[in-house]
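Engineer: Among the features that TrEMBL reports, domain 'FAD-binding FR-type' is placed at 13-110. Per TrEMBL, FAD binding site is recorded for ARG61, TYR63, LEU76, LYS78, LYS84, THR127.
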Amino acid sequence: MIRRLFSSAKSSGEYAKVKLISSSNVSKDTRLFTFTTPPSLPPSLPLTSCIRVRLQGDVERAYTPTREDSETFDLLVKRYPRGKATSHFFDLKNGDTVDVAGPFRKFEFDCKRHREIVMVAAGTGITPMAQLLRADVGHNFCASSSGSASAKGAQSKGEEDVEAVDGARYTLIYANRTEDDILLRDELQHLASLQPPRLSLHLSLDSAPPNWSGNEGTITQEYLASLLPKPPAAGEVSPIVLVCGPPGFMDAVCGNKVSPQEQGPITGMLGNLGWTNDSVYKF
């Protein structure tokens, strides 16, 4: 069974104020925010971890930084029409502060046990997937560490030194509305080119341009079935499926979480295909 390690900020960490240094648009409704790094946040986050951000009192959300070091960290935030947190984010000006706590591990990634991993993401749901791919495919984390699932040290290895290793195999299925909405595209394609046998990248667009080579239209159960391995047999821990995206996407693919701490049953397309909580994790 996938081990859940997520715990709330209230019980596992103190909040620290961080200052917004800059922000820039990366798509029509997504912006990259750069904040100062608090002393409580390590320069390299543990793999599959997030931080919690508190804006204007009780509005809290979990985010996975797309980059972090000892001085600054970046967050990708997409604006949703009725989203409280995203509205506050997009109103921030340089010099404004927010409260952050963490990091908090989401689930326990085990280099030795998790050998086949399928990632199904939409929109900014790509950020936790990119965190793991960057460390393991980009820097051979599992080959260069004891497998303790900490990214510290793994990100210091230059990409020019990366060699193909017999590590975990990843399939990334990434859905967006249009081609302009694809976040971190250059990095994902670069990672796929570093070790082609280890990362298979599949881009899907609701509305695709002419000569688009990926999937066109919303993700269907048939499309997922064509890319997914069979669910693991009883007692096995691999393959696993990681899912992250907006509520409508999560509902269709695997069902939404009951709460930040409770996964809830596996429903939707994955449930129909025989996947269970033993082998699916919802970010």
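Residue positions begin at 1 at the first shown residue.
Positions of Cβ are set from backbone N, Cα and C atoms, glycine also.
Those TrEMBL annotations? Automatic predictions, nothing curated.
It should be emphasised that the depicted structure is a prediction, and the values quoted were computed from it without experimental measurement.
Explain the structural surroundings of these features, please.
Structural biologist: Here the domain 'FAD-binding FR-type' (13-110) returns a mean pLDDT of 89 for the predicted model.
Counting every protein chain shown, the Cβ of LEU76 (FAD binding site) has 22 other Cβ atoms within 10 Å.
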Engineer: So how many other Cβ atoms are close to LYS84 (FAD binding site), meaning within 10 Å of its Cβ?
Structural biologist: 14
Engineer: Please list residues from the chain of THR127 (FAD binding site) whose Cβ is under 8 angstroms from its Cβ, counting only those at least six apart in sequence.
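Structural biologist: Set apart from THR127 (FAD binding site) by at least 6 residues yet with Cβ under 8 Å, we have TYR63, THR64, PRO65, THR66, LEU76, LEU184, CYS244.
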